[in-house]
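Novice: My questions all concern the structure below.
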Amino acid sequence: MFTMLPLLVLVPDTQRGLGYSNRPALSTPLRTAKIPHTRNEKVYFFPPKTKLIPLTTRRGTIMFFKKNEKSPGVEKLKSKESDIQMAESSEEFTRAIKNRLNNSSDVVVIKVRPDLTIIYIEALIETSMLNRDIIGQLNEESVAPSTVESQMNSGDVQQITSLKEAVFSLLGGAVLIHVEGFAPVVSVMIPTTDRRSLAKPENESIVIGPQLGFNESMATNISLVRRYLVNPDLTTVSMTRGEQTRTAISIMYINGIASDEMVETVKQRISNISVDGIMDSSVLMQLIEDNSMSIFPLMVLTERPDRACSWLLNGKIIIIVDGSSLVIGCPQSFIEYFQSMEDQNVKWQVASFFRLLRMIAMLLSVFFTAIYVASLTYHYEIIPQPLLIPLSESRSRVPFPPIIEALLLEFIIELLREAGARLPTKVGQTMGIVGGIVIGTAAVEAGFTSNILIIIVALGALASFTTPNFMMGNVIRILRFPIIILAGFWGFYGTMFAFCFLLIHLLRQSSLGSPFLAPFYPLRFRDWGNSVVRLPLNLTSKRPYQTRPLNSKKYDSKK
Amino acid sequence: MKVSIYPEQHHLVNAFLVMFIIHSAQLGVGVQGFQRIIYMEAKHDAWMSVLLSGGIASIIGFIMVKTLQSYESADLYGIQRDVYGKWIGTFLNLVYVSYCLGAFLVIIRNYIEVLQAWVFPEVPTWFLALTLMLLVLYGALGGFRIIVGVSFFSVFLALWLLGLLSYPLQYINWQNIMPMFEANTMDILKGTYAMTFTVIGFELMYSYYPYIKEKQKTTRYMQIGLAYTTFLYLAVMLVSLGYFSGGQLERTIWATLSLFKIVRLPFIERFEYVAITFWMLIILPNLMLYIWSASRGVTRIFQWKEKTFIWIFSIFLFAAIQFFVTREQINALSDLFGKVSFYVVYCYPIVLYIFVLIKKKVVRKGNAT
Amino acid sequence: MKNMTRLLLALFALSFLSSCADPSTLEKIGMITTVGYDKADGEEIQTTILILETDPQSVDSTNVISSNALTSKGARIKGSLKSQKKLESGQLRVALYGKEVAEKGFINLADTLSRDHAISDLTYLAVVDGKASEILEKKYEQFSDAGQYVYKEIEQNIKGETIPSPTLHEMLHDYYSVGIDPLMPLLKVEDEMITITGMAIMKDDKMVGRISPIEAFYVKLVNDQYDAGNFELTLKNGNDPELMEGQDSSKKIAVALDTIKSKSKIDLLDEQTLEFDLDISMNARLQEINQKIDLKNPKNIEILDEKISQEMNKEIKELIRYGKSVDSDFIGFGEVYRSAVPHSKLTKKKWHSMYKDVKVNVNIDFQIVRTGVVE
């Protein structure tokens with residue numbers, strides 16, 4: 001069992017009470033067999049070059065870990081420092097540290113006394129704490145690292161013996177105190193704690209419910225979750241990934257509810273990735289999804305702590321990434337993308353109506369324009385007589401075939417949306433409205449498109465925005481294009497081809513090995529109560545099958 | 001070759017899904033126009049033929065499961081090998097494989113014919129075949145569970161088509177099916193025989209039986225699936241008999257699709273265009289199950305990888321489709337296949353069951369002495 | 001494996017270019033909404049087609065093309081030589097047969113419609129008293145699109161339950177049945193309006209006679225059922241002085257009935273003598289009556305019920321007699337016979353020879369359920 005102290009010092013605030021230290025952070029049998037990891041050789045930071053390992057789960061979906069055979073160069077470069085012994089002379093030690101940090105100008109070296117050298121990186125530490133808690137505490141007796149250690153009253157004090165560890169603790173916000181004549185240095189963690197204050201969730205805003213979102217600090221995020229779930233079984237497992245960024249990652253789940261197998265799978269997948277940097281949890285999500293080739297997101301992100309906690313209660317696993325205000329939840333099924341957190345907070349009839357509405361909106365958004373194109377291009381027979389004249393009159397001035405007309409208009413809508421997203425909020429809104437009205441009206445007047453198509457495309461666009469999940473909303477909008485093209489080439493046959501293809505594709509997907517189309521296939525009527533519609537709470541007292549919970553009873557429905 | 005196979009736990013499906021597999025494998029291209037061929041034999045008593053063939057199917061289905069249950073977890077390929085020995089067994093296995101491929105060919109070619117006759121006369125056969133093949137491959141390569149998933153959705157998503165039968169109901173004239181019992185028994189039996197092609201599909205139980213989780217419940221769910229199919233066929237037949245007059249039915253090739261012609265909704269009419277293209281979802285499980293069964297067979301014989309055979313077969317079948325161009329050729333193919341399937345599906349299971357019984361008895365005697 | 005998938009995808013993309021279906025874009029095709037068939041020289045048929053004009057700037061809302069050919073499809077091919085757009089028949093709503101064509105037999109021309117997969121089974125068929133081309137080519141003052149007008153007119157009258165429905169499906173259904181003859185609306189231009197002047201009576205597929213709209217009401221009454229029909233009928237007061245006390249009893253009473261509900265049943269009594277029982281039970285609301293009659297008196301209502309039943313009975317008997325005289329079984333006694341007699345081996349020819357001997361006992365049970373909102 002090896003501990004990963006250097007990793008822990010990166011997240012000093014959360015180190016206590018989270019159960020890091022006695023849990024094996026990485027427990028891949030593959031690696032433990034190959035690499036010795038005694039205390040003296042705390043060399044191991046990066047997963048070794050990993051091959052694609054098919055992992056078979058109980059459900060039988062074979063999952064692949066992706067893209068693991070990367071950047072051997074980086075590893076070689078880094079491994080050179082692993083065995084360097086630290087110098088006893090402070091001169092040499094300072095030089096070694098500076099060398100390793102490429103003589104960066106923000107490395108500060110202070111000689112407090114002839115025998116005591118303090119090294120830190122300027123912006124990473126709290127200067128007031130340095131003066132009060134470190135320099136102020138050092139006194140005459142501190143002649144050895146152990147005595148220095150005992151004088152410090154800051155929490156995270158430890159002795160470090162390897163240069164590499166020293167460098168990384170420095171980077172994590174530590175002050176190194178070197179005592180002349182001793183190889184081990186004392187590291188005291190006093191990192192700066194500047195972070196955004198808690199704010200409203202912007203993208204998943206709801207009317208009824210808590211108005212609190214995650215922020216970019218993992219410590220804050222974990223504390224938010226812990227405040228919702230005061231439960232000793234809430235377990236956190238920490239890891240660090242990213243060769244350049246060393247991003248801290250925490251997996252959280254409720255022990256005794258979440259499926260052990262899934263927890264193991266998540267751990268294994270995270271430990272198998274090897275990238276140079278994880279800037280956001282969305283990147284991590286793409287790396288650990290079951291199928292990276294699918295256009296559909298197979299895991300889900302949220303910025304709402306209440307949502308993350310309700311997932312945990314359903315037996316899901318959440319992954320928090322330091323520096324990201326979005327939390328990954330898995331496993332996820334297709335239909336869950338059309339649920340909003342608000343559904344739990346309003347009456348069940350209302351929530352059920354909205355859920356059905358969103359499902360219809362999704363189908364409408366994906367297929368409506370395609371059906372228009374197909375019927376006007378090939379199947380004019382199906383147009384009812386009352387619609388025939390308005391349709392053909394509006395089409396008669398348009399010089400393009402329906403497919404070009406539709407693609408053009410869809411393209412304009414996407415342009416407006418994208419432009420709106422890139423511009424500052426206020427400008428974006430104005431532009432959306434002005435652009436929509438002006439371009440729409442002008443396009444009809446100019447005979448570029450028919451006014452009926454404008455209605456259809458606008459309806460489709462509107463419908464796509466009802467999807468509560470941003471990622472899924474994007475997918476739905478993009479899916480329209482190939483389907484319109486298919487409809488433009490082969491009418492209903494093309495549309496149906498697209499439908500069947502999507503159906504088979506979705507059937508083949510899985511999230512953490514659990515089927516993506518649950519609860520439809522495999523059929524679990526019990527779970528329809530809280531997925532297709534939302535039944536009253538006393539009827540939905542069981543956790544969904546999809547997460548394979550160890551304990552499926554959520555609460556006693558009788559009481 | 002081992003007689004019994006034990007697929008891994010995660011490849012198994014719940015027994016209750018069997019009813020979806022059974023029904024979706026039965027419902028296919030046959031139902032688009034089975035009224036005419038049965039009417040030609042049994043006249044307005046055609047619905048009795050439908051009922052009778054449903055009854056026969058359920059008896060045969062019962063025998064099939066009995067045969068399979070006399071082994072622990074074997075499929076037809078294993079049983080034939082066990083009963084007939086290496087050479088005859090392998091030969092019969094190959095016959096069954098080619099039967100499955102034949103079924104695939106007939107189904108896909110008939111569907112393409114419908115598409116070309118109604119919707120796209122100008123789209124070439126090879127293109128329609130290629131696109132359908134692509135879907136079949138994508139599904140079948142995903143393994144048995146994916147195929148069952150497609151079956152499930154095909155049954156589930158096609159339920160609304162049943163509601164559209166209410167439109168022809170407005171025009172129905174029950175006088176058309178009177179007087180009852182005018183056809184003699186022979187005519188009704190002939191009608192039942194003519195219906196073979198429409199009813200088959202449940203014989204695939206022979207190849208996927210080892211993949212069912214709770215094997216003791218197989219019979220129940222299989223019978224539910226068969227009963228639902230019979231109910232559906234009976235409903236369609238009764239509506240058609242009432243909606244069309246006799247002479248009209250004899251002239252209508254795809255009577256079921258013609259029933260959709262009069263569906264008129266506020267935003268869409270002429271529903272047959274939607275129904276025909278939607279039929280793609282109904283025949284996909286058919287195609288997938290047949291090609292999967294065929295590849296199971298050769299996999300069992302030659303011990304190669306299943307997926308390789310799916311590829312090989314689809315390329316072979318894609319080429320074979322090109323040889324059937326005219327309606328006459330397609331009809332000849334369908335008729336021939338109908339005859340073959342009568343022997344394979346209705347007669348052979350009984351023979352096999354008897355052989356299995358004999359074999360068991362001999363073995364027991366052998367053990368006793 | 002991956003390469004294989006890529007290869008297949010590439011093939012698929014390639015086929016995109018090569019095998020796109022043949023488009024018939026809505027505004028690029030000439031949608032035939034109405035077609036009229038008339039007899040031309042010799043065996044030739046004059047086909048008049050009415051094409052929907054989709055250009056809003058156009059003066060006329062339709063486009064009429066007429067051409068002669070041996071087959072109707074041939075005429076369409078010839079017609080497209082005169083058209084700026086590709087002619088398509090998927091939106092056909094009405095097919096009109098000139099009287100001469102109808103008298104020669106319409107079935108070939110109806111069959112060609114049903115053979116074309118693009119044509120709806122709900123297309124209305126009608127006979128024109130005169131030439132079909134005249135109705136379609138004429139310019140009307142009150143409306144611009146004759147095809148639309150005819151379509152809506154027939155549709156409205158079917159919904160209002162004044163005539164039996166004449167869809168292509170029903171015509172073929174009746175034609176291909178053994179014991180029933182089809183019945184089609186008869187149109188004529190009267191006073192610049194296209195009017196339904198009655199129904200054309202067919203023997204097999206040949207027009208042999210006609211009945212008035214009033215008689216058409218009785219046909220539907222016998223054949224079908226009413227849910228909310230309306231009808232006007234005249235009664236001779238006759239010898240019922242109580243009904244109209246103190247008034248001239250020789251005056252005729254006209255009653256208008258609406259929300260008629262009816263059910264009819266035809267039974268074969270004797271298969272040897274071909275005796276049928278026709279039972280009709282109907283009720284209606286008395287909407288209007290042109291004489292002063294005390295409707296508060298329940299007795300009067302009873303008398304009216306009785307009188308109306310008698311009148312209807314008489315009319316229906318007359319109608320059946322007329323049908324027998326032209327040898328057209330538009331009511332469908334043959335079907336009743338076929339469905340009641342097992343192993344009858346009935347054919348069209350056989351039935352027509354038997355039809356003359358049919359005897360029908362008509363029983364009508366009529367009841368006025370309410371007389372309006374005031375008494």
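Yeah, the Cβs are placed from backbone N, Cα and C, and that goes for glycine too.
So TrEMBL says this about it:
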TRANSMEM  B:12-34  transmembrane segment
TRANSMEM  B:46-66  transmembrane segment
TRANSMEM  B:87-112  transmembrane segment
TRANSMEM  B:124-141  transmembrane segment
TRANSMEM  B:146-168  transmembrane segment
TRANSMEM  B:188-209  transmembrane segment
TRANSMEM  B:221-244  transmembrane segment
TRANSMEM  B:273-292  transmembrane segment
TRANSMEM  B:308-325  transmembrane segment
TRANSMEM  B:340-358  transmembrane segment
Novice: Count the Cβ pairs between the transmembrane segment (B:221-244) and the transmembrane segment (B:273-292) that lie under 8 angstroms and are 6 or more residues apart in sequence, then report whether there are at least 3.
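Specialist: Per Cβ check, the transmembrane segment (B:221-244) does not touch the transmembrane segment (B:273-292).
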Novice: Which one, B:46-66, B:146-168, B:188-209, B:340-358, has the most C-beta pairs under 8 Å toward the transmembrane segment (B:273-292)?
Specialist: B:146-168
Novice: Tell me if the transmembrane segment (B:188-209) touches the transmembrane segment (B:46-66). I count contact as 3 or more CB pairs below 8 A, with pairs 6 or more residues apart.
Specialist: yes
Novice: Thinking of Cβ pairs under 8 Å, which stretch from B:87-112, B:146-168, B:308-325, B:340-358 has the most of them with the transmembrane segment (B:188-209)?
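Specialist: Looking at each of B:87-112, B:146-168, B:308-325, B:340-358 in turn, the most contacts to the transmembrane segment (B:188-209) are made by B:340-358.
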Novice: Counting Cβ pairs closer than 8 Å, which of B:12-34, B:87-112, B:308-325, B:340-358 has the most of them with the transmembrane segment (B:124-141)?
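Specialist: Against the transmembrane segment (B:124-141), the leading stretch is B:308-325.
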Novice: Which one of these stretches, B:12-34, B:87-112, B:308-325, B:340-358, has the most C-beta pairs shorter than 8 Å to the transmembrane segment (B:146-168)?
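Specialist: Ranking B:12-34, B:87-112, B:308-325, B:340-358 by Cβ pairs under 8 Å to the transmembrane segment (B:146-168) puts B:12-34 first.
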Novice: Which residues of the same chain, at least 6 past either end of the transmembrane segment (B:308-325), have a Cβ under 8 Å from a Cβ in it?
Specialist: 101, 104-105, 108-109, 112, 125-126, 129-130, 133, 136-137, 140-141, 291-292, 294-295, 298-299, 333
